[in-house]
């Protein structure tokens, strides 16, 4: 027993001595860390909570949160994870992701192919970046030749990654260009994901209408591990400016064409990304349930109303449901199992007259009305990732003479309303209630090749209305 204790003490002493000299057992598991988009990658702390195969969907969802102003940025980030800093759109409105369609085989020697046919003629490439995983290569190949010198963190190791781009045709392959990435990292630090700007290569391929390209990733001094040829796959992000996005029905032409998607056959996001999306949707539903018909408020101009039928025949307050009085709420707390019907509002005659006068003056005037669009209602929910619905609003109401300043009439609309009121010229309609200011909407969706795309569509939400 005494001998065993002595051996244990000797082992612990040797272990502590190694730690004091800067040596430690190899307990490191290569994590995943995204570096800033550049030609030189520096080391950083590993992030084992991020899985390599999540990178494309997580990267695109992070960009969606970034450019849409979503509050879900923190929800999608796992503890300790670090995502790349945003690349400016530079006047663009589109971000396309392309995942490697096929990993390397013994015949192609590690060639990763990309199908870029989703790029349209109207999309001008602003920048393009190739992201590829080299964690195993760096962690395996960078060994310390002199253990005593490796204790100094200032010593850096260098490794060069070569990239060769190929245009793939049916009968032959044509070299598109050569690139290299110089990896610089301190000893014992981890570099897992690298990035390389490939803007000029993709512009050249698009100009020549060559949309099937391949990348061969090699190292001059070390052979790539076989696992790196298959998993995780590299991916490409393309920032573009779609010149046709402001044309009439552009949102329909770019989204409605994906009707070949069928339920259950489309691509799926990773589980933690889907959970983050569902949490955000539950928050939106919980904050929007108290509409005027449920909280005993008179409907205002922000909410929907119908134009059908004569104005005098409408009785919008007849079936409004009120909140139960205080006594009723106390009774409901005492009898949780009992079912109580909502009470109907009982207005006196003076209140009803005041409400009718308010309804006659305000809702008839030009104003913004509430409209919520659910993509499931129009059959687009299969390929739209986020948002599943949005507040579009619409403009409706009269622009009668005299028009108040609150309706913001144009000079032409003012003259037109005067001519119509005087009746000098017959058949002149009153000015129209139209959107004055509108805002854009970011939509994250799958394209026809099941790649994740982010587009910022202009003029999707009405901010204010005016008479024109």
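Including glycine, each Cβ sits where the backbone N, Cα and C put it.
Computed from a predicted structure; not experimentally measured.
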Need the matching range: Swiss-Prot marks region 'Disordered' on one of 4-28, 29-53, and I'd like to know which.
29-53
Tell me which range among 242-277, 278-313, 314-349 Swiss-Prot lists as region 'Disordered'.
314-349
Look at the disulfide-bonded residues 366, 399, 465 and tell me which residue has the greatest number of other C-beta atoms within 10 angstroms of its C-beta.
366
What's the number of neighbouring CB atoms sitting within 10 A of the CB on residue 115 (N-linked glycosylation site)?
16
Inter-residue Cα distance where the pair is residue 115 (N-linked glycosylation site) and residue 216 (N-linked glycosylation site), in Å
15
Among 395, 467 [disulfide-bonded residues], residue with fewest other Cβ within 10 Å:
395
Would you list, in sequence order, the recorded positions among 115, 171, 366, 433, 459, 465 whose CA lies within 10 Å of the CA of residue 399 (disulfide bond)?
366, 433
Within the same chain, the residues at least 6 apart in sequence whose Cβ is under 8 angstroms from that of residue 433 (disulfide bond) are 366, 367, 395, 396, 397, 398, 399, 465, 466, 467
If you skip the near sequence neighbours and keep only those at least six away, which residues in the chain come within under 8 angstroms of residue 171 (N-linked glycosylation site), Cβ to Cβ?
none
